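A.B. asks: Grabbed the feature section from TrEMBL, which reads as follows:
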type: DOMAIN; residues: 1-25; note: domain 'C2H2-type'
type: DOMAIN; residues: 26-53; note: domain 'C2H2-type'
type: DOMAIN; residues: 54-76; note: domain 'C2H2-type'
């Protein structure tokens with residue numbers, strides 16, 4: 001085994017195994033970026049639509065990426 005994690009559902013195990021294999025089967029048709037989880041691809045699509053779903057609870061500013069929000073929050 002690669003790690004000692006265990007899962008009750010086979011789908012969870014399959015998803016976790018992608019961490020070790022670096023497989024990213026979910027690809028954005030607009031830019032070609034690949035993701036290991038379909039949910040991450042769905043979230044990525046919001047970047048292309050310009051939706052700012054990540055909101056700063058301190059000032060209300062909104063961002064298209066969670067990483068942008070995280071960087072922004074360091075300014076408070």
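Even glycines carry a Cβ here, placed using N, Cα and C.
If you look at the structure here, what lies around each of the features I listed?
C.D. replies: For the domain 'C2H2-type' (1-25), the residues of the chain that approach it from at least six positions outside its boundaries are 34-37, judged by C-beta separation under 8 angstroms.
For the domain 'C2H2-type' (26-53), DSSP puts the residue distribution at 12 helix, 4 strand, 12 coil.
Counting residues per DSSP class in helix, strand and coil order gives 8 helix, 4 strand, 11 coil for the domain 'C2H2-type' (54-76).
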A.B. asks: Restricting to the same chain and to residues at least six past its boundaries, which positions have a Cβ under 8 Å from a Cβ of the domain 'C2H2-type' (26-53)?
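C.D. replies: Same-chain contacts beyond the flanks: 15, 18-19, 62-65.
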A.B. asks: Using DSSP, tally how many residues of the domain 'C2H2-type' (1-25) sit in helix, strand and coil.
C.D. replies: 12 helix, 0 strand, 13 coil
